[in-house]
Amino acid sequence: MLKKLTYFSIDHPKLVIILILVLTGLFLFQFPKAHIDTDPENMLEANQSDRVFYDQVKKDFGIRDIIVLGITDENGIFQTETLGKIARITEDILKIDGVVIEDVISFTTTDNVISEGGMMQVRRIMETVPQTKEDAEAIKASIYDNPLFVEKIVSKDGDAVALYIPIQQKDMSYDISKEIESVVQKELGRGQNYYIAGLPVAEDTFGSEMFLQMGILAPLIGLVIFLLMFFLFRKASLVVSPMIVAMFSVAWGMGAMIGLGFTVHIMSSMIPIFLMPIAVLDSVHILSEFYDRYPALQDRKQTLLAVTDELFTPMFYTSITTAVGFGSLTLAAIPPVRVFGAFVAIGVMAAWLLTVTLIPASIMLIREEKLSAKVAKREKKPSLLTKLLPGVGRFAFGQSRIIVFGAAALLAVGIWGLTKIVVNDNPVNWFNEDHKIRIADRVMNHYFGGTYMAYLAIEGHQPDDIKRPEVMAYISELQKYLEERDVVGKTSSVADIVKRVERVLKGGSEAQNRIPESQDEIGQYLFLFLMSGNPNDLDNFVDYDYQKANIWVQMKRGDNRDMEKVEQAVQQFFDNNHVPEGIEIRWSGLTYINKVWQDLMVKGMLKAVLGGFLAVFILMLILFRSPGLAFISMMPLTFAIVLSYGLIGFIGKDYDMPIAVCSSLALGLSIDFAIHFIQRFRRKFQECGDLENTIGYIFQEPARAISRNAFVIIFGFLPLVFASLTPYVTVGAFFAMLMSFSTLTTLILLPALMRMVGFRFMKR
Amino acid sequence: MLDKKLIRFITSMTIFSVLLTHGLAESQEKLSGQEIINKSQQIFFYVGKDMKAKVLMKLISKSGKERIRELTMLRLNKGESGEQKYYMYFHRPADVREMTFMIWKYLGKNDDRWLYVPSIKLVRRIAANDKNSSFVGSDFTYEDISGREVVEDTHTLNAEEELNGKSVNVVESIPKEEKSAFYSRKVSWIDQETFLPLKEEYYDKRGDLYKIFTAGKIESVQGIATIMQRTMANVKNGHRTIVTFEEVSYNIGLREDIFSERYLRSAPRKWIK
């Protein structure tokens, strides 16, 4: 019934081509509406409880996204000249649009409360730029006297200073960081360096580099596919149409997505690079088959009809299964992953539609004599594939027992590897090792208490609960415990402020670094702090009516695994030390949020893969009407997934977002090979009734088509390896591996299985 | 040193001249920006020999949450010198009741401030170079409470216009030294009749509007026009502070000895209930 589409295209090639052009134009017309979204918070549903809570925490404590600027001087920063530079840099940064002026933390904007000659002094850390060495030393001494500052705004060794620059919106990070850069570059001299860190910058920078990368990679992949196809078919006019199919399916998929109002996220930016290699697969089958039949028939229409008859059903099923594989991603609880899955699926079906219409139509437009000349010429020299593949077939047929048992053993090893998989991700690691964001991350976390922020939100049942001495003491103890964790660099809270006021008021020694025992005393200390400083300094730690407080946990590493460890350690603390009555404590913060969606992703992906697996299996039952054959057809994809992910487990590569997404890709594509293999195997076997003969046939044209497809898909994704953003590199490399496993399984294990058991499932 | 003396001299001279012109009642000549600000400051911060007020401050966060500060404020002018003494006793919030705070305000040098912490019975002198820091966590700075020296800014009369049915002078003030203020520019709408500021706009160093002062209810207390309610709103962070004067009286005969450490520890019952 659907075949009529192809018949119509063969009869009315020009009309079909014009119709397709118009439709594609309509989809392209949607592109200018594209809206970019690089916020990892959007990996969670808008109403996901941890995300809602984080929004509340941000509101309660006036927390902004922060850019951290580090300045280092190999001779130490406490020199008159360097301090002068810091002052000027701060002054200029305050003038940048989007910077929240009153919350900038720097030597010249932040108050230090010190005790001097029995007097409580409140003043800027650096009121004026010192003119003498002694004055510079005095500033140094006053900073190191205040534990709130050490490892937060100065490094322990005095070689680095950090400025905390809160910004109005996260999506301003990249632009503001560029402006900060130009301010800093103007000032710094020899032996002085600067670093810009913090998750918001990493995320926003990723967004802007992502499009640059896509702009380079998508055409590059297109070119590689073109060259591959040209290498396989040696006729530009034949190869152009699959390329057009590929580009048009991208236009349809992306156009539909943008047109329906979805944002272009890190995930969906990968749609073109996924879609292009997949989109040409069916065309490769058509062209392959066309080449093999044309010399005998010498008539393009007759050849096309025969090819359609042979290939239409497997092509339809391979497309459907690929779409189902990606569609399974919609089972994940992560919105961008769902959007990605849905629109790759749509693109795949668009590619199928374009293949069964545009390809025959365009072949009809090539003149008969040109075709015969080209195809006939090619026929003279057998390709490498033609020579090699039958040998592979004979080997698989001959050694079937060994192959099947060897494969089973390999599968077991793969499963063992699966158990070793470590789930982990960190947006900073999306950049190459030598990217300045990665360098800044290393340097800053070496000098300071950590650029990865998480929060422990403490909530009481009624106002002033936070001022209760036992609550304040608990906060202080919890901080002490946190700071003993290896990944936690520094923590700060309202308890630190209370202790600081206590120390300054009573003048002096470290010994008095304690929490007062009466609530009035705590209340008065906090009031005193408000009278002397910047109220925002306190507002970041307690809410307005002292019902909620917030511990800032600065971590030196932002891997989700690290976050998880800290989370577990804190849980242990809660178990061993009773949380004061009426108090609830909960995690939040960007680092924590990243961990949350990662957990969801792992579960979501597992669900997606299992769901997709089941859906594909059902489709195979429908296609083959035999549980045995359906089962065998699942082998390439099972092996590809188990072996590839097992390998990930063995080599210790983190299971992160790109790796997770590849599983659905493998699901949809690996089955294609099996469908073509089994479908055509059965046809031939039912025709001739002889296994060896059938294998011999399969390793002619069908195996060539499968191998050609494998080449296109493996090499088509390979240009990604040269990307400067690691998620793309991972996808490129990992996918090549997945497809290699699945090709090998199809060409070696399937014939062996067919010989041992498969033929029983085929009625003659 | 010379600077300070000079500033003091100029200030007292200007105050003197303002008082003179004030005596001449409705001035026929147009006043300069500096004269207007000077006169306004006199009315706003110096009126009467002394003053007592019960003050309610409502600090309101962006999300509408409130913090209350209730205090009694005593103010005494030291003659015509421009120096003043302030005494504040906090009634609310409950846990800071009996906390007291004292400012000795000078011209040309930093104020002295003392604070009494009742829970530990301790008086501490607080030295803060920074008059721009927040007053008890509100949107008002210490400068907004006790005034900024007129000579620190250059004042220009920009326009005369109507504001809420009153004729006002619009004066722009720009700090002579960039560092001496948190604002880069301030625009004041000053009532031509009472010389009270009806509205002020503060612009930050980037030139963006940052804080807005508005005078609410104005009443005549003992014949003196007094702003009974004022608001300072931070337009950048959505925070605002509403100050209401509940009881105001002038020239009540405050003695200077009240403004001492002894009375910080034990509030003068006569004035503070």
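Including glycine, each Cβ sits where the backbone N, Cα and C put it.
Lifted from TrEMBL, the feature list:
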DOMAIN    A:244-365  domain 'SSD'
DOMAIN    A:629-756  domain 'SSD'
TRANSMEM  A:12-31  transmembrane segment
TRANSMEM  A:210-233  transmembrane segment
TRANSMEM  A:245-267  transmembrane segment
TRANSMEM  A:273-291  transmembrane segment
TRANSMEM  A:311-334  transmembrane segment
TRANSMEM  A:340-366  transmembrane segment
TRANSMEM  A:402-423  transmembrane segment
TRANSMEM  A:604-624  transmembrane segment
TRANSMEM  A:631-651  transmembrane segment
TRANSMEM  A:657-678  transmembrane segment
TRANSMEM  A:710-728  transmembrane segment
TRANSMEM  A:734-754  transmembrane segment
Have the transmembrane segment (A:340-366) and the transmembrane segment (A:245-267) got at least three CB pairs under 8 Å, pairs 6 or more apart in sequence?
yes
Helix, strand and coil residues within the domain 'SSD' (A:629-756) as assigned by DSSP:
115 helix, 2 strand, 11 coil
Counting Cβ pairs under 8 Å that sit 6 or more residues apart, are there three or more between the transmembrane segment (A:311-334) and the transmembrane segment (A:604-624)?
yes
Cβ pairs under 8 Å between the transmembrane segment (A:734-754) and the transmembrane segment (A:210-233), at least three:
no
Please determine whether the transmembrane segment (A:245-267) and the transmembrane segment (A:12-31) are in contact (criterion: at least three Cβ-Cβ distances under 8 Å, sequence separation 6 or more).
yes
Could you tell me the mean pLDDT over the domain 'SSD' (A:244-365), as a whole number?
87
Secondary structure of the domain 'SSD' (A:244-365) by DSSP, residue by residue, totals 108 helix, 2 strand, 12 coil
Positions whose Cβ lies under 8 angstroms from the transmembrane segment (A:631-651), at least six residues beyond its ends:
407, 410-411, 413-422, 609, 613, 616-617, 620, 624, 659, 662-663, 666-667, 670-671, 673-675, 678, 734, 737-739, 741-743, 745-746, 749-750, 753-754, 757-758, 761
